[in-house]
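**Q** Dropping a structure here in structure tokens format, bear with me for questions.
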Amino acid sequence: METDRCVVLATERYGSSESWKYCAGDAVLERRRDEREGESRGNIIVRSFKSVFLPQGYPESVSEDYVHYQFWDTVQAFCSSLSGTLATQASLKGVGVGNQEATVAAATVTWLLRDGTGMLGRILFAWQKGSKLDSEAKKWRLFADVLNDIAMFMEISAPYFPAGFTLIVCTAGVFKSLVGVAGGATRAALTVHQARRDNMADISAKDGSQETLVNLAGLLISLLLIPLVTDNPILTLSLFFFFTILHLFANYKAVRAVVMDTFNEARLSIVLQQYLRDKQILCPLEANQREPVLLEFRKTMPIQLGVRLQEVVQSPAELNLALKENNLPYLLGVRNGCVHVCLRPEASVHDEIRAMCQAVWLSSVLSPLTSRDHPKQKSNWEMVHESHKLMDTIFNPFLTGVEAAGWDITRTLLDWDEWRVEWKTKSN
């Protein structure tokens, strides 16, 4: 017993996983594991698993929603791997594998056309929607997985329509290229959210290791499935629909698990509308639970941020109206059924949030549904001036409240375009 007693000179801990202590020995320091943490075989296996598949410093180095998201992301990746096996088998059958009458040249041309159309689709989609993928990462993440399932269903169905096989697989190739852009870009956005120590590279690398492990498990299961589904279209489709339903459910749960603490248009609108109703500030968890994750048709007036001046005003008189009761570094206007906001170069993040709050309020009160319930009696410019007065009253306490509730107001995920305008104010 005497040898177990020691004078502890120092302790050290590796993250939250291991704890050691240094004791005074005979002219040396003795390093011992904390007795509260047994050195069992199970602990060794768990630590080894964490070091291989989880980011260094887990769980302190990642966001609180990391495990919940990664669990459902793993489930969806496993289902997608099995569905992909069924789709690949169908594609190979369609290009002539196993058919003595099929030629290598015809199969090669079909494959090249599929890849070529997919490359063009990738470029066009990134051009048109690339800037939207940061601000609406959840929606586009779910959209990518739904589109991926549609593409795989087309590949499975293609062999049963020989006349349109090339057209079907080329269309599926375009869809899969869109999936690659949307899925990869939104995963990068989620990685930025998960990284709490600027460790995006480590999180991305470990996510790749997790996905590789899942795909390996899917490969092993696929080896058992292939002999069963060969020349059995009913079983193939039955298994595909089963995996697809599970895949979509897991994806929905995954994006619902993400709790982002930065404002995009949807989350800011939810928090602001709640504050205007009862002065209550929603925390990030509450707002994220209410945030829509499906792409939907707008029910309110659309908002465009960072536009050119001519989209807000088109005459000196309108410029004077935009500047009335406004000494802030942004201008708002309502034109062609849309709220437009243009920004000065020196505008801060807080200015951007305030401008968006005004735009959200204008969008809600001027939307077609609201207009039917409350016939408009004021002009658009009068509503803009009213929005300035409203923000003068509520914005500072609102901003203080959201910061206290846990929101990050040092940056936003609002979809600002790059136009910046300098105008002459009345003072100069």
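Using the three backbone atoms N, Cα and C, a Cβ is placed for every residue, glycine included.
A TrEMBL annotation is a machine prediction, not a hand-curated record.
Feature annotation from TrEMBL assigns domain 'Protein root UVB sensitive/RUS' to 45-278. The domain 'Root UVB sensitive protein C-terminal' annotation in TrEMBL covers 280-423. Residues annotated as transmembrane segment in TrEMBL: 212-228, 234-252.
How about a rundown of where these features are and what they're close to?
**A** Under DSSP, the residues of the domain 'Root UVB sensitive protein C-terminal' (280-423) split into helix, strand and coil as follows: 66 helix, 17 strand, 61 coil.
Panel annotation: around the transmembrane segment (212-228), residues 53, 74, 77-78, 81-82, 85-86, 89, 235, 239 of the same chain, lying at least six beyond its termini, place a Cβ under 8 Å from a Cβ of the stretch.
If you look at the transmembrane segment (234-252), the same-chain residues 6 or more away from its ends with a CB under 8 A from one of its CBs are 72-73, 75-76, 79-80, 82-83, 86-87, 89-90, 141-142, 145-146, 149, 152-153, 156, 225, 228, 293.
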